[in-house]
Amino acid sequence: MATTTTAFSFSSSSSFAASLAFFLLLSLNTANGDGTFGVQQQLHFHTVQLSSLFPADSCSPAPSTKGLNKLPVFHKHGPCAQAQQLTSTANQPKPTADEILRQDEFRVQKIQSRSRKAAAAGADDVRVTDSTTIPAKDGSTVGSGNYIVTVGLGTPAKKLSLIFDTGSDVTWTQCQPCVRSCYQQKEKIFDPSSSKTYRNVSCEAAACSALAAATGNRGCSASTCVYGIQYGDASISAGFFAIEKLTLTKTDVVDEFYIGCGQNNQGNFGGAAGLLGLGRNQLSLVSQTSDKYKKLFSYCLPSSPSGTGFLTFGGGATKSAVKYTPIASVAGGDNFYGIGITAISVGGKKLPVAASVYSAAGAIIDSGTVITRLPPAAYSALRSAFRKQMSKYPLGQALSILDTCYDLSKFKTFAVPKIGFFFAGGAEVDIDAVGILYANKPSQVCLAFAGNGGAKDVAIFGNVQQLTLEVVYDGAGGRIGFASGGCK
């Protein structure tokens, strides 16, 4: 094959730099034969090992938490939770991807329904319940979440695995006796009669009245306060509202903690013993411990269900620089953590979407929603840009709400365009490679974003996009921060 040689002469260092830049630009469009790119791969693409998108069968070793105020975080369906016997698996088979995404859609619809109703009416609909009835269907608006931590409850402390959820406020666990029903959990169901520090809350207590704003339900059984919650996926918990001792770590104990003692519990809690509420309402763990932790907590969700993350209160875990954005107001979302999305980039280029598209209904960040939901116009632009930059890979079958999937079964390594989020206040956050894709199988690896039904539906920054980021919630400072590389 003949070779053509072209000679160039340079009259100055600036012209040499310009020519060098020209050659670099040419190289950006040069694809390698293995599905990756050359220089472009390093600038605006992630190089991904296909095998890294699927969890291992065994639990990865947890990072050391010695001397730190950290609670290990596990995925409730992952091998770490199973290995440490934190959740029951005997009658709790791992849900399919379709089931997970369907439950996720229930949660999102409930969140958005509450936001629309609040925007229209300006108030929540509060219902009355008792310890054995199913809560009002339009009460609480969130589902059951995905990640669990282990805490101690009572005196002596009994270890319980609870789902932590920034979209919920009231912390609860299943309690003996189960008046109607309790789902199966790995740990022994908490028995309040065996604790020296348990006591019920009276109907006259201010905390009982506060249940209305936290759950949408309030009631009494005789003189005892009763709570009731129905989540977005139709899971429920109802029972007595109580005060108990909560042990987070050996050195972090909350002596007077308001908690729900569930007498009737049904739903998709994956065998966890209940829920740890980290929302913004006065009854959340964050608010109840505000004197001690100043409404400051952070977490990092591991890159895989076989990995381990952390949840920490009061700060101290962050090692890298944190990029902050102000907590924003969202219609009907006073209990949620609002964020202001201003732009999104794909492959280093911002989408041609006006900031007003994102602000029309606002957005929240939620630890329990799986897939990020975007305004229709924003999602359409993101999908178009992503598909264009992934055109070398064959499309695969759609997966539930995910309509942009690829068949990567013939690739060991592939390149995926980087996606970045821009938030109010100037924060720029790059999503980790594992936060861009949702993999069901090698022939079905999907873009992990979905569009809302309408422009007036609140957007949600879901937990897939939060993977490996340390997310810092500074309630007292009115801000939310992101630090890359928080965990693996």
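Glycine residues also receive a Cβ, built from the backbone N, Cα and C atoms like all the rest.
As written in TrEMBL, here are the features:
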- Asp165: active site (ACT_SITE)
- Asp366: active site (ACT_SITE)
- 147-483: domain 'Peptidase A1' (DOMAIN)
- 1-33: signal peptide (SIGNAL)
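Asp366 (active site) sits 8 Å from Asp165 (active site), taking the C-alpha atoms as the reference points. The number of other CB atoms found within 10 A of the CB of Asp165 (active site), across every protein chain shown, is 25. Counted within 10 Å of its Cβ, the other Cβ atoms near Asp366 (active site) come to 27, all protein chains included.
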